[in-house]
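The domain 'Ammonium transporter AmtB-like' annotation in TrEMBL covers 25-412. Residues annotated as transmembrane segment in TrEMBL: 12-31, 65-83, 90-113, 125-143, 150-169, 181-199, 220-242, 301-325, 345-365.
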Amino acid sequence: MPEHTAASRLRLSGLCFLLQVLNILLFAVFVRYSPESSPGQCPLQLNCSQRNQDSGFQQPRFQDVHIQVLLSFGLLVAFLSRYGPGSAAISILIIAFAIQWAVLIQGFFYFFLNGKIYVGAQSMVSADYCTAAVLISIGAVLGRANPVQMLLLALLEVTLCTLNEYILLSLMGVSDSGRSLTVHTFGAYFGLMVSWVLYQPHKDKRKREERQDTGHQTDVFAVVGTIYLWIFWPSFTSATTVHDNAKNWAVLNTYFTLGASTVATFILSPVLYEESTPRMVQIQDATLAGMAVMGMPGEMLVTPFGALIAGFLVGLISPLGFRFFTPVLHSRLKIQDTCGVHNIHGLPGILGALLGTLLTLLATADTYGDRLELVFPLVAQGSRTVTDQALIQLGALPLTLLFATLGGCLTGEL
């Protein structure tokens, strides 16, 4: 056993060394500072007005998104009370590598010009989004995949996540500013497929005992994570919008959804679990689900009462999923979902995609005004009808599921 432990440490050390040297070499060859802070020097091919906005405009949003990735996703995925401080350390390792790798991979797709990648505030926001998808996937395999496997997962998932995002957002023209599909849905089902491949029946009993841990420490971490989600998630759902007037809808809709999903937890959890008051971890899950559902429709014409309805529904779906769907995934499909990403990211992400498709049918100049150019530019330009846009939004869902499931299976096998 000591020799096996020493070999594992050396494998992790060696892989970290190789990956970091690779990143350094690729950064040296390709990565340069973007001229976004000097619009007069910005090459037209980079489309600085839309993608690389001024750093002063993007910096506060980048900070909010980065805090979400580090504290909310990192802390919630770590589940410190179950797996100890070591799990938080691994989460930070994954974040540190995934951000570097995402800057490179996404740079080749979005910020590549004359053989160089031009990085700025927007490229860092995009890298954080991709890293969030990786952390969601890790939540499905936490406790069963070792650090080496997690690093390899991040290496492959960042690449496939970026490819899926590029096809959806750039080639198909899908509107998914808050990333219901490209982060929540993709990350959840990618991780679930990896978990399916890595199924370990001999660990079932121990994992069930760990999930039954409902001690005080668990609630403390759930409180911290939930507070950060409430404070910073509206920035996460609106960080990619171009103008402040477009951002406002996403922020408002997210807050309304958060409130309704939290109240829904207090309605259903006492019935399902025979408790007078839901545990904080259940409120945390409902909060995550509420934000995932508002990823795609957040900047659309949800209306305040529509956002409340969406939050209420997803607040009911999440505890129902934990109570009834998770046991089916485990017993029938042999999928061990450690952190319940299917219920707090996967299902809400799908619901958000379906809601976004429905709301696309309302995208007319009369209802959206000047916002139509920001949310659905091809519709505003007359290049695409509302029905065509809605069909494309709908088609993005099975395509994302296909990329996620195939990519997860491939990663698990490797």
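First residue shown is number 1, and so on along the chain.
Any Cβ shown, glycine's included, is placed from N, Cα and C.
For the transmembrane segment (181-199), the neighbouring stretch richest in Cβ pairs under 8 Å, chosen from 12-31, 125-143, 150-169, 301-325, 345-365, is 125-143.
Counting Cβ pairs closer than 8 Å to the transmembrane segment (125-143), the top stretch among 12-31, 90-113, 150-169, 301-325, 345-365 is 90-113. Against the transmembrane segment (12-31), stretch 90-113 shows more Cβ pairs under 8 Å than any other of 90-113, 150-169, 301-325, 345-365. Remote same-chain partners of the transmembrane segment (150-169), defined as residues 6 or more beyond its termini with a Cβ less than 8 Å from a stretch Cβ, comprise 12, 15-16, 19, 90, 93-94, 97-98, 101-102, 105-106, 109-110, 130-131, 133-134, 137-138, 141, 176, 181-183, 186-187, 190, 194, 396, 399-400, 403-404, 407, 410-411, 414. Over the domain 'Ammonium transporter AmtB-like' (25-412) the predicted model carries a mean pLDDT of 81.
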